[in-house]
Structure formats: C-alpha cells, structure tokens
Amino acid sequence: MLKNYLLIFWRNMTRNKVYAAINITGLAIGIASCILIYLYVQHELSYDKYFTKHDRIYRVVNNLIVEDEVEKASVTHAALAPGLAADFPEIETALRMINRNKQVLRLDEKAITIEHAFWADSNYFEVFDYKLLEGDPKAVLQEPNTMALSKDVAAKFFDDPMKAMYSTFRIGSQSYKVTGIFEPVDAAHMKPNVLTSMSTLPAEVRQNFKSNWFGTNSYTYVLLSDSKAAAGLQAKLPDFVKKRISPARGNTTERVELHLQALTDIHLNTDYLWEAFPVGKKSYIYIFSFVGIFILLIASINYMNLATARSVKRAKEVGLRKVVGADRSQLILQFLSESILLTVFSVFVALLLVELMLPTFNSLSDKNIASNYFLEPIFAASILGIALLIGLISGSYPALVLSHFKPADVLKGSTTPNSGSAVLRKGLVVLQFTISLVLIIGTIIVYSQMHYLKSQDLGFTKEQVLVVDIPSGDTTIVNQMPVIKEQLLKNPKITEATTTVMIPGETTGVIIFDVERNGTMAEKTMNTIFVDYEFLDLMDINLKAGRNFSKEIATDQENGFILNEAAANVLGWADPIGKRIGFSDTTAGRVVGVVKDFNYTSLHSPIEPLVIMLAPQNNGYLMARVSPNGITEAMDHMQETWSKFAPSHPMDYFFLDESFNKQYRAEEKMLTIFGYFSLLTIIIACMGLFGLASFTAEQRTREIGIRKVLGSSVSGIVMLLTKDFALLVMVAIVLASPIAWYGMQQWLQDFAYRTPISAWVFVASGLVALCLAIVTVSFKAARAAMTDPVKALRTE
C-alpha cells in the first residue's frame, strides 16, 4: 500500500509541477524559517547550561537603597565572597571576578588589544568547568602572576594555540605566565578572553578587599552544596547584611539588600546595572517564536488552500476509486499520506536551505549557532513531529472534502466546488495576509523607532568625535596626557581634545552625595561622571547657569561640581549655584554650574539626575573632535602622536556616534531579522495567491471565453478576476491594523523616548500588500484573458 501511495504522490507531483513547486517551496521556506528561529530561541535559552554545575551556581547581586530609590547592581563588595563562604556551610565555595575591560597583551614585540580581561579567584575553573585544553583546573590561577587564555586569544599569537602554554605575556608593567588555555563558550553570560590570578594584586589591595564594604567592583558567585538550598540561603541574607555589612558601613542612610540570582536566569531575566556583557531580552524570544509559528502557519495555509481548491480536479479519480471498492477511510488515508509525504519532502529541502542560510543568520543575529544541530535527538524528533503535524493539519480538510464526493455525481461531471470550501479558502487568504501585514507594519514601526533614536537631539554632538581607549594601569601615558592633547591641537583638523573616565553610552558611576537641603545636609544617590576641563566644550553641552570648570580656579578639581537640570530639580534647588555638595570630607564643595539636560545614556531611559566632577588625572578615554573634511589627516596625526608618546601600545580607537548607537544593537538585530521574515511571509502568501489565481482562471475558462466572444476586453477580464482577491486583502488590512498597533505600542513601552505611530504606516503597508497581491493575480489573470476563446469553447 505504501508503495502505491508513493507512486500516486510522485505522479501527482510530476503532472502538476507548478502547484507542487508552490507547495514545496512555500513549505520549505516556512519550515526553514521556523528551524532558524527555533535554533535562535534554543540558543538563547541554553545560556550557561554548558556548565555541569549550573543548577547550583548563583550570582549574588546588590540592591542599594536610599530613601525610596533603588539602584540594582550586578557588582558587589569585594569582601562579600569570602564573607559568605565563611558564614554559610551550604556554600561549597564562592568566587569573585573583577572586570579589567580592555588590556594590551604583549608577547615579545607583538602587542594586541584584548577585550574582556578579568581578575579571577583561584577556584574559577572548579566552579565554571570550561573545557581546559591545557592546564589543571585546580592549579591554573593558584599562583601570583599567572593567567589563563581563551583558545581564540592564544591563536592571535601562535599558529598552534597550545604553544601559548607557559609563555610569559605582559600587561602594562606586570608579567604573567600562561598556566591554562580554555575553549570559549558562546552561550554564557560571561565570555572572558583573559583571566589573571587575583593573588597577583598587591597585598595591600587584597587586604583592603577583606574589609571593604563600600566599593562595588566584584561579580560574586556562590556554588551551593545542594541546588535546593537557595531559598534557605536567601532568607538568611538580611541577617548577614545586619551582622557584616551595616556595622562596617557606619552611619549612612543607604541600605543594602543582597539577592541570589540563578546562573541560568542572568542572560534573559536581569535588569541589573554594570553587566560585563550585553544581556538578552525575553520579549524578543516571544516575538521571534510567534513569527516562526506565523510563517509556518502561512505556508501550511497555502498547501491547504491549493489542495482544497484543486479537489474538483481529482473528483473523477475519487469516483473511480469508490466504484472499484475504496471506502472513505482508505481515501482519507491516501490523501493524508500524500500530504505527509509532501511535507517530509519539504523538510529535506528546508534542511538544505537552513545549511545555506545559517552562516548569514548567525551574522545577522550575532550568534554562533553550530551546524551540527540536526544530530541532536530532540531536534530530530521535533522536526519529525512538525512534519507529521503540518501534514495532518494541512491535508485533513482536503482529504475530508475529496472523500465526501459521491461516485455517481462525479462520473456524470456534475460535481461543483463546495461553497463551504470557497468560504474557508477566502478566510485562509485573509488570515495569511493579516499575519503578513502585522509583520510588515511591525517592521516599519521598528525601523521608524530606530531612525528616531539615531536622529533625536541628545543635547550633545556625538558626530565627528574620535575616541582613543587609554590603556589602564600605564601611568606614563596618563601623566603625558596634557602634552598629548596639546600636540593633537597643533593639527588644524583637530579642533578640540579632552579626556574622560566614561564616554556617553556607558553606564555612569553612582555616588551617595551629602547635599544641602533646607539648611541641613542630607544624603542623595546620583549618577556621576568624571571629566576633564574641555569636556563640556568638546561635547557641545550647553550651560544653563554658572560656569564651566576652570584651570585658573584650583578648588574646582576637588571641590567643584556641575549638575544637570534634572539633578537641580530633584534636589529642589531653584538657584543651585553655590549650594553645598560632596561625598567625603576632602570632596565637600559647591555647585559651580548647571548644564542643560542631555541624554548621556540610551533613549531607553529618561534623563536622570547627573553630577559632573572634574578628574583630569583619571583618564579612561582620549577624545578629539575632528573636521568633517579632514578625518583622514586628523587620524594620521593622532596615530603619529600616539606612536610618539605611547610606542608600546597600539592606538585602539573608534568613533563616538558608532559606539553610542551600539546601545541599540538588540533592536537593530531585531529589525534586520524581522524584516527578512516579513519579506518571506509576503512572498509565501503571494505564492499561494498565485496558485489560487491559477486555479480560479482555470475554473472560469469557459466564462472567460464567452465574455471575450461577447466583446469583453482583456483589462475587463483581469479586473473581474482580480477584484475578489483585492477585496480579501483589504479585509486583511482592516484586521491587521489594530493588532499591529496594539503589539507595537507594547514594544515601544521599552523606550522613554519613542516615535508616534502614524497613520501613514498602516496606509503604506496596506498599499504595498494590495499592490503585490494585484500584481500577483493580474499576471495569471492577464494570461487567461489573452487565451484564444475558441480553445475554451470548442467542446460547447
């Protein structure tokens, strides 16, 4: 019987090549898209599950509370890890990581800037069990002046990465021997490239770490002896704070809360500041999952529509089979088998498409999804299940329609299309285009929002600003920075130069200030940035009151403060100039200026109170504004100057506007992927429309012939065949618009500043879909209208 079904399936495929091609192509594209989205979602959900102890690893995070304001920090006090390990027996071990950011790694005369370097405790590889290609996990970071490198970093210095083992590298003035080389893990919330032993830090620093309950610079992790112990440990943390942290912090109104965060929750379920790496968004998992389901649904609707529409063509076959003894159940089984076989064939085509598209998809989504996914039993079972489900759902209605035909009516030629089938087909076409239009409208709104974010007036000028990353720990370069700035300004293509600890787009520091309120001093937590004298001028940030920092006024460096408008407002200062502010005895000073509000961080967040402090000796970045018509000359001059003053360090530079816009990388990825999938949905929908138009033209061949004989024009016949489909698309426009509006309103809530949703978006999307539908149907309608009427009427 199976052989017979296969033979019938093959004959139908070869006899109806156009319809088979439409069905297979549509299903293959739909299934391939669904597979890619499945791989993306699975990759996002798999973060940190590579580590065998992931169910017992928790990160400890901070809530810093002043009055009613809560600052949620992913970094904690350096003393926390040893304190927790000492006080709680349910903690098997605890460890710290301290971000070193970018570092220049040097081997002999070769120097490369490496991102994501960290200090780490010696038990790091016992908790996070990376695959160590070289080295002992218990000994890798035990000794001072030792380091572990990822295989990718080692490969930058050696053709064979394993040859990096036991080599001596330098970071700044410090030497490190490589005692471990590890395989990096892509699906992890931390992706270190370089790990240096915590014991390398000076003894006084490590001693300070044991009792420092003020500074928060460490990522703290605990490994529990039992995964079920987390709830009990969380309940004990308030007492730990009272016993250990509060007494050490003394008389302050700031409260500290500690919380455990499951390792596998960090990537998608965190809203903490100062994450070392970008985190994912759970909402995007839902969005892409729905898109995958929608694309698959549209492809399945195509098959169901075309199979139902062509049921009349197979009526005689059904009649003959019933005459020779086939019962209804056998016919249903036959047509379902054909449907499943076609779906399985489409799955194989889809897998080929996935293999071809996966590198591009990885590039678009910024992921590294492996191509061996099909070897996973869960994936194979899922694909088989999808094929059976699509085959059964898509083939069930056509099978029931075909098996219902009566032999006598069929063989007399009196079978006509069922009106219920026609209504279902129209309903499915409306559903297809409704889904397609929702995705198209969504794509346009996401694009509009991205354009709005990048074109919005931020309150400063980020264009034409070249930023050089100053190597941390090299005091020689820092001390020479005034001379370097002076040298840069000798080139007329560089108009301004300054230094800063943080650049716009980075997370600001947070400090508890003592501020003057109603004649007394009170505590207030506010964001803080440390800058040089020229920062405000270079960034084109406007003063609203007071003055800028001045080299002529010595007290500015330690006792001068500039606020933004939001800070002045939240403090209730109508005239802030001269008001007292500080955060220690040595930094107590007065407000010297107020700047107009500017968006220092992304437009996801509203403008918050900000304190600007002068710290010319603390340099993280060198910034230079260059003339638009002299970028190349300015960069050459900067490179020459840098090589003169910092010959041992490569000049690691970037443009500020590009760096600032990286904050919208997740939205840009969503826009790109969303756009491609929206295009696919409309293509699949139009393919189905083309198939239905072909069938309609074929069914109305006699009517078209008669109309032509009676004098109807080609354009009149095209209009006749097109109007019904155009009406269905217009119904879809009406249905899709409110759905898309509501969905995008929810998405836009993630932004403090957002573009309004204009009516033109819905009009433009509807017109695009309508034009595509009309062009698709008109092509087939025109061919039918130009057919010789004699051929259509020769049997009449």
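Just so you know, glycine gets a Cβ as well, placed from its N, Cα and C.
Since this is a predicted model, take the numbers as computed values, not measurements.
Look at TrEMBL and you will find 20-41, 284-306, 331-358, 378-402, 423-447, 673-697, 709-737, 757-779 tagged as transmembrane segment. TrEMBL lists 21-237, 440-602 with the feature domain 'MacB-like periplasmic core'. Here TrEMBL flags 290-406, 677-781 as domain 'ABC3 transporter permease C-terminal'.
Among residues of the same chain six or more beyond the transmembrane segment (20-41), those with a C-beta under 8 A of the stretch's C-beta atoms are 12-14, 285, 288-289, 291-293, 295-296, 298-300, 302-303, 306-307, 342-343, 345-347, 349-351, 353-354, 357-358, 361, 365, 367, 369, 373, 382-383, 386-387, 390, 677, 680, 683-684, 687-688, 690-691.
Beyond the transmembrane segment (709-737), the same-chain residues lying 6 or more positions past its ends with a Cβ under 8 Å from any Cβ of the stretch are 426, 429-438, 441, 689, 692-693, 696-697, 700, 762, 765-766, 769-770, 773-774, 777-778, 780-782, 784-786, 789, 793. Residue counts of the domain 'ABC3 transporter permease C-terminal' (677-781) by helix, strand and coil are 90 helix, 0 strand, 15 coil (DSSP-based). Within the chain carrying the transmembrane segment (423-447), a Cβ under 8 angstroms from the stretch's Cβ atoms is held by residues 291, 294, 297-298, 301-302, 304-305, 308-309, 397, 667, 670-671, 674-675, 677-678, 681-682, 684-685, 688-689, 692, 725, 728-729, 731-733, 735-737, 739-741, 743-744, 747-748, 755, 757, 761-762, 764-766, 768-769, 773, all 6 or more beyond its ends. Listed by sequence, the residues of this chain that lie at least six past the ends of the transmembrane segment (284-306) yet keep a Cβ under 8 A from its Cβ atoms are 19, 22-23, 26-27, 29-31, 33-34, 36-38, 40-41, 44-45, 268, 339, 342-343, 386, 390, 393-395, 397-398, 425, 428-429, 431-432, 435-436, 438-439, 666, 670, 673-674, 677, 680-681, 684-685, 687-688, 691-692, 695, 747. Counting only same-chain residues 6+ beyond the ends of the transmembrane segment (673-697), those with a CB under 8 A from a CB of the stretch are 18-19, 22-23, 25-26, 29-30, 33, 37, 287-288, 291, 294-295, 298-299, 301-302, 305-306, 309-310, 361, 364-365, 425, 429, 432-433, 435-436, 439-440, 442-443, 446-447, 704, 721, 725, 769, 772-773, 776-777, 779-781, 783-784. Mean pLDDT of the predicted structure over the domain 'ABC3 transporter permease C-terminal' (290-406): 76.
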